[in-house]
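Here is the structure we will look at.
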Amino acid sequence: MRKINFSAGPSTLPLEILEQAQKELCDYQGRGYSIMEISHRTKVFEEVHFGAQEKAKKLYGLNDDYEVLFLQGGASLQFAMIPMNLSLNGVCEYANTGVWTKKAIKEAQILGVNVKTVASSEESNFNHIPRVEFSDNADYAYICSNNTIYGTQYQNYPKTKAPLIVDASSDFFSRKVDFSNIALFYGGVQKNAGISGLSCIFIRKDMLERSKNKQIPSMLNYLTHAENQSLFNTPPTFAIYMFNLEMDWLLNQGELDKVHEKNSQKAAMLYECIDLSNGFYKGHADKKDRSLMNVSFNIAKNKDLEPLFVKEAEEAGMIGLKGHRILGGIRASIYNALNLDQVKTLCEFMKEFQGKYA
């Protein structure tokens with residue numbers, strides 16, 4: 001019997017995708033070989049590769065103004081590649097909403113970029129999204145869409161004349177996005193759209209001009225990968241294959257509005273369970289900034305019960321509920337692949353646990 005996986009990433013995958021990958025693992029589409037065994041230069045793999053890119057653009061409703069790049073190194077490599085490629089001679093502005101923005105800021109500073117933190121919620125342990133106003137003339141404005149550890153999420157992205165950079169690693173393909181002022185939108189795909197080893201970057205083509213005359217190693221230059229259709233070097237072929245299956249699965253769910261609707265229902269159920277617990281459970285994030293993807297909470301009346309909660313949840317068939325080591329507590333990551341019944345099972349367990357130990 002499969003466990004219900006609330007892990008923050010790598011995370012649960014739709015069973016249909018796992019079964020299809022299992023079916024095709026040794027014999028891809030009856031060809032007598034695995035997709036993992038063939039060259040990335042073959043027509044067979046290129047159909048998967050380019051098909052995945054087109055499906056990703058289709059889900060977000062993007063036209064040819066955007067390039068889709070498949071890169072390695074995780075979202076963490078983008079913390080360096082973004083300032084390396086996109087900084088000019090001005091100021092690069094960041095909104096600091098958690099560990100991942102702090103790391104992005106640090107990488108930019110290491111590169112000697114003029115970095116300005118224009119807003120931060122660190123003083124309250126990142127429990128909310130701060131009000132942010134970016135300068136119109138900044139080289140770029142940087143945010144993290146969803147903060148996996150703390151369970152906060154931008155409900156709407158800031159409006160800015162500066163090119164907006166969005167780390168969407170933990171809410172990738174979970175809702176529709178207005179790309180009207182987004183210059184670069186990226187994430188590792190291992191939470192909501194595949195397995196680890198692949199990052200997907202949507203970059204507006206005019207931004208590639210910024211890399212043109214810079215002395216950047218080829219592998220770290222966005223232009224290199226755009227000009228070579230993300231095939232400059234051997235890509236993570238199996239991760240791209242899995243991403244392609246995820247794109248098919250998401251398209252079969254309907255538009256991202258439909259995906260968002262399901263995610264909203266799951267989150268509402270879980271937050272209601274917390275809010276109606278008479279203070280037994282307490283969420284970390286301010287209600288107005290609550291994430292639909294990561295629900296971080298404590299057993300407020302007795303934090304010593306939290307390890308027992310995780311243990312008993314595992315015995316009941318639910319894994320991945322231990323909070324991040326930085327924040328502690330409990331965290332339920334309820335990404336696209338989790339269904340409403342699975343979240344309902346967690347809520348029922350939470351009520352039973354409260355009944356036993358309150």
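In case you wondered, yes, glycine gets a Cβ from its N, Cα and C as well.
Residues or ranges marked as L-glutamate binding site by Swiss-Prot: Arg41. In the three-state DSSP reading, Arg41 (L-glutamate binding site) counts as coil. The Cβ of Arg41 (L-glutamate binding site) has 9 other Cβ atoms within 10 Å, all protein chains considered.
According to Swiss-Prot, the feature pyridoxal 5'-phosphate binding site maps to Ala75, Ser76, Trp100, Thr148, Asp167, Gln190, Asn233, Thr234, an assignment based on sequence analysis. In three-state terms derived from DSSP, Asp167 (pyridoxal 5'-phosphate binding site) belongs to an extended strand segment. Sequence-distant neighbours of Asp167 (pyridoxal 5'-phosphate binding site) (same chain, 6+ residues apart, CB-CB distance under 8 A): Ala75, Gln78, Trp100, Thr101, Ala104, Tyr142, Ile143, Cys144, Ser145, Tyr186, Gly187.
The N6-(pyridoxal phosphate)lysine annotation in Swiss-Prot covers Lys191. Neighbour list (Lys191 (N6-(pyridoxal phosphate)lysine), Cβ cut-off 8 Å, at least 6 residues apart, same chain): Ala8, Gly9, Pro10, Ser11, Thr148, Ser169, Ser170, Phe172, Met293, Ser333, Tyr335.
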Q: Could you check the binding-site residues Ser76, Thr148, Gln190, Asn233, Thr234 and say which one's CB has the most other CB atoms within 10 Å?
A: Gln190
Q: Just report the maximum Cα pair distance in Å for the recorded pyridoxal 5'-phosphate binders Ala75, Ser76, Trp100, Thr148, Asp167, Gln190, Asn233, Thr234, no decimals.
A: 31
Q) Out of the binding-site residues listed (Ser76, Gln190, Thr234), which are within 10 Å of Arg41 (L-glutamate binding site), Cα to Cα? A) Thr234
Q) Relative to the Cβ position of Ala75 (pyridoxal 5'-phosphate binding site), how many further Cβ atoms are located within 10 Å? A) 25
